[in-house]
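Per Swiss-Prot, these features apply:
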type     : residues                                               : note
MOTIF    : 16-44                                                  : motif 'Q motif'
DOMAIN   : 47-226                                                 : domain 'Helicase ATP-binding'
BINDING  : Ala60, Ala61, Thr62, Gly63, Ser64, Gly65, Lys66, Thr67 : ATP binding site
MOTIF    : 174-177                                                : motif 'DEAD box'
DOMAIN   : 255-402                                                : domain 'Helicase C-terminal'
REGION   : 506-558                                                : region 'Disordered'
COMPBIAS : 521-530                                                : compositional bias 'Basic and acidic residues'
COMPBIAS : 549-558                                                : compositional bias 'Acidic residues'
Amino acid sequence: MDSSPPKTITKALPRFSELKPPLSEDIIEALDRSGFEVCTPVQAETIPFLCSHKDVVVDAATGSGKTLAFLLPFIEIIRRSNSYPPKPHQVMGVIISPTRELSAQIHKVAEPFVSTLPNVNSVLLVGGREVEADMNTLEEEGANLLIGTPGRLSDMMKRMEFLDFRNLEILILDEADRLLDMGFQKQVNYIISRLPKQRRTGLFSATQTQAVADLAKAGLRNAMEVISGAESKSKTSSGLYCEYLKCEADQKSSQLVHLLIENKNKKLVVFFMTCACVDYWGLVLSKIPTLKSISFFSTHGKMDQKGRDTALASFTEASSGVLLCTDVAARGLDIPGIDYVVQYDPPQDPDVFIHRVGRTARMERQGRAIVFLMPKETDYVEFMRIRRVPLQERKCSENASDVIPIIRSLAIKDRAVLEKGLQAFVSFVRAYKEHHCSYIFSWKGLEIGKLAMGYGILSFPYISEVKQDRIGIVGFTPVQGITFEDIKYKNKSREKQRQQNLLARKDKLQQEKRGKRKKSSKEAVDDSNKASRKRKLTGRQRQTIQTAQDEEEMNLRL
């Protein structure tokens, strides 16, 4: 195996019909029907290499068209294979991606091209679905192309021994850095170990890490390196305009609402740090009067798969709206028409920044992205500039209305808002403490009091990390005159259940108190009796009793 550095080659941008070696007519026709005519840079460079039986390592900006860059040669290589058409359980290609959503999207994009291959069946294998259902599909319908996540793919490969990988032609690892970051190294290694070494391999990623480089050395042969946009000063797509907004923690929510109002007829994606934050802001934003005309959708890693799929499908079909999410949607998802990406919370991993903003300005289109930064976080701008992601400053809007009173009012009127706000705030604080860029996002420098105000918290909660590290809560003003136990759920069934729980808790406490009183009385009597017995067996009384017993024993002997 040649471990020398891959060669870097760039080419001009041809039409798909002009690529050498040529793509089949069926693929060209499928591209025409989908509206694809001219290659993007990454497609122009990658497709000829893979079709010429060369391995590739592709470093491409998110949104550069890399999905077609590996799907088209994937289909072409299988068409030209000596094993084509394959038997039902003869696997000829495998595509691995880190998330269920990305795998499902790749499978969907592949469908019109797979359909050009008679008697070839592609199967999607991801978590969140019944294992038995996947096993039945593989056994009854067969599988020639496998697309899925590492966990489910490796599991099926272990369970379904009748799957034949001996004639596999091509392996694709999409978002390779994320595959390794998410802890899939073991599963990826297992999958690779089951595949023949005489194959084509494509490794695609928007960021190149040492782990990716090590994987390339181990799994690829004489790989060609493709660096899309290598001459550009920016790591992001050319049509993307990136900004940052510096504002105090207690102003972030008001600035966000103002931004959403300005773009109410557009499609936006808003990223938050935690799942609890997505749940909270999804609930709150939809209740703010000035945002009533906007449709909100939410997705995060703790939602079940059906809920995530429904939210993404609804947002995709909508002409406008706002998708609130965590980094579960930061990679690979190609939702058409996204105009704006808002990073309400900067990502813990700086590499994720590129993938987040890559949800817009895809395939040479125009798009905007903005990241909210608190005053002590602005070193992040220089940090990203060094990483070839220039950010332009956007001033805080002076016309933004203060929404904190509105949010607090919502919490007073509905216990669900109150509880979700506390959960979101605490989850953010704990995630912030573990930030990967702690020298920029300093835990000790976090103005936690202002942050709590921005979340609309009514009374500052107990957080062990705050007390332990003696973090000040300057800038927080609690709401006075509120008895928190009296705040009710708007949902009547939830409130009824809460009242029942409160009564049950009070009854239990009263029973415990009565039990303690009875126990105390009994223990007092027992202690008195014990003390009395001890007093009878001490001092002169003990000696007198012993003497009497001795005399009685002597009389018996006599």
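Any Cβ shown, glycine's included, is placed from N, Cα and C.
Quantities reported herein were computed from a predicted structural model and do not represent experimental measurements.
Along the motif 'DEAD box' (174-177), the predicted structure has mean pLDDT 84. For the motif 'Q motif' (16-44), the DSSP-based tally of helix, strand and coil residues reads 16 helix, 1 strand, 12 coil. Mapped onto DSSP classes, the domain 'Helicase C-terminal' (255-402) shows 57 helix, 28 strand, 63 coil.
Between the binding-site residues Ser64, Thr67, the minimum number of other C-beta atoms within 10 Å of a residue's C-beta occurs at Thr67.
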